[in-house]
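Residues or ranges marked as domain 'Major facilitator superfamily (MFS) profile' in TrEMBL: 72-530. Annotated transmembrane segment per TrEMBL: 147-167, 179-198, 204-225, 237-257, 263-283, 361-377, 389-410, 417-436, 442-465, 477-497, 503-525, in sequence order.
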Amino acid sequence: EGFSSVKCFLSLCRFQACVYFASVFQAMSCGIHYLASVFMAVTPNFVCGFPGNVSSVLFHNSSASSTEDIWTLWTSTENYIVVQLENGEIWELDQCSRSKREVSLDLAYEYKGNKSVFPCSDGFLYDDTKWKSTVVTQWDLVCDREWLAKLIQPTFMLGVLIGAVIFGDIADRLGRQRVIWFTSAGQFVFGIAVAFTFDYYSFVIVRFLLAMVSSGYLVVAFVYVTEFVGIKARTWASMHVHAFFAMGIMVVALVGFLVRTWWVYQIFLSIATLPFVLCCWMLPETPFWLLSEERYEDAQKVIDTMARWNKVSTPCKVSELCSVQQDDLASGRTGDDDMSSTKKHNILDLFCNWQIARRTITVWLIWFTGSLGYYVFSLSSVDLGGNEYLNLFLIGAVELPCYIIACVAMDKLGRRNTLIPFLILSALICVLIMFIPQDLNILIILANMAGKFSIGVAFGLIYLYTAELYPTIVRSLAVGSGSMMCRVGSVVAPFCVYLRSVWIFMPLLLVGIMALLSGILTIMLPETLGKPLTNTLVEATEMGRNKKSCSEKAPPAHSGAALEKIEMFGQERVSADK
């Protein structure tokens, strides 16, 4: 059939490999910008500033001539510094207040006399031994302005949510190529612009725009590569878009280690993928989008180009494909009224009966838990102790083998049988970490890597599993709604990490509970490995009620071209956005 011929043709490798690696290379920039704030918005040790010139500094039993010499001794936020000014005044400097001693006799750390408390009107003193400058130190986002610093990552994730919705729709209307051009250029422009923002609010606004274009690129790039890659390689190709995202996290760790000034750090991160921005205009539009828009001549040009690259002497002819497709679609309409129905479906169809409703709630929970766990393990990696740059690098690196294992396991063991053990394993790891002594940094880091690995397998697998659980008529709705729950999880994750200030294990406890609950509920989902895609809600419901009959049921009698189209496009709306 028509789409079958296109499928076979797109299975050829040279042209598709170039397009694939060029497109997913830019996905690294998405990983870069998503996690850039872990070092950019670091809050170092700090105390109130003092009104005058210092003659001596005292911290417990240690004295120094400047406050810079004290930071190596700083151990807790409960500490304070005693300074004596050149005019003889003695001040106690806390993090968010300062006290002037009424009686200035001998310089001593302990003082029982009267004090006058003043606000930090002279700014703050920051520990710059690790970072010369961060956005926190740039705009004093501490004490009563600390909440502004904590909004940096959630507002970025909100931009991710909105950008995915907007650019996903634009890509369907204007084409994948134009959106890839715009979003990749936008990542570079807004990424550089962030470094030159003049205050906190302009910083947040530009980062919000950067989040929108980064998310938009990731969504459209996933669709773009799946429309070029043959059906046999689609699972591996789509899963490894995530791998390039993980490589972006590793780049963040490397640049953070080398560059310690936030705006220079941001510039280096933004120019990391500049080669793609300069070359992305060479990427062609996908033949499938051109055919859907009836731009047959343009589609033929792309197919001819692919034929030259792949050294095919007799390329496909669009005119032949279209004639076969029209014949098949015409017979398909007469063979099944459901496929020709113009009924519009909405989110309520995902709750049309108890079987589907229970499935939807479980799938949404898995999407939410996967995103929550992914970002909790990633964002909290810099607080595990030891070298925070190495921690983040390892948290990114552990994703690379996890997607390979996910691809193999989901094809050998099944989707459900892979998802359940890895969800439960991630919950058990969260509990295990709570019992590891805090002085065993290496063991804690390894356990967190194992947690990120297990949640990464589940997170990568749920994309394809969701598409297979629902019938054609609501498949895009199911995947789109699940993707929205994923983004809700990414918005909640930073706030979850902030709960470390309440109890150091609170984020892990929440992720563990959600992962355990998701794993238990997944037991009730049907296995989809080796089963035909369903086309109606009745068929999808039966797949859950009678697993044996579903596995033996032959594919519904739709046209050959229609089935091939389902295979080619059924997964394209599965957003690769994290």
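Glycine is treated like the rest: Cβ placed from N, Cα and C.
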Six or more residues beyond either end and a Cβ under 8 Å away: which residues meet both conditions relative to the transmembrane segment (477-497)?
150, 153-154, 157-158, 160-161, 164, 345-347, 349-350, 360, 363-372, 374-376, 379-380, 462-463, 466-467, 469-470, 506-507, 510-511, 573-575, 577-578
Annotated stretches the transmembrane segment (263-283) and the transmembrane segment (179-198) touching (3 or more Cβ pairs under 8 Å):
yes
Where among 237-257, 442-465, 503-525 do we find the most Cβ pairs under 8 Å to the transmembrane segment (417-436)?
503-525
Recorded stretches the transmembrane segment (389-410) and the transmembrane segment (237-257) touching, at least 3 CB pairs under 8 Å:
yes
Could you tell me what the rest of the chain brings near the transmembrane segment (179-198), counting residues at least six beyond its ends with Cβ under 8 Å?
23, 26, 29-30, 33, 167, 170-171, 206-207, 209-210, 213-214, 216-217, 220-221, 224, 263-264, 266-267, 269-271, 273-274, 276-277, 280-281, 283
Residues of the same chain, at least six outside the transmembrane segment (442-465), with any C-beta under 8 angstroms of its C-beta?
235, 238-239, 242, 363, 366-367, 369-371, 373-374, 377-378, 380-381, 384-386, 391, 394-395, 398-399, 401-403, 405-406, 409-410, 415-416, 418-419, 422-423, 425-426, 429-430, 432-433, 436, 479, 482, 508, 511, 515, 518, 528, 571, 574-576, 578
By Cβ distance under 8 Å, which residues at least 6 away from the ends of the transmembrane segment (503-525) in the same chain are close to it?
358-359, 361-363, 365-366, 368-369, 372-373, 376-377, 380, 416, 419-421, 423-424, 426-431, 433-434, 451, 455, 458, 469, 496-497, 544
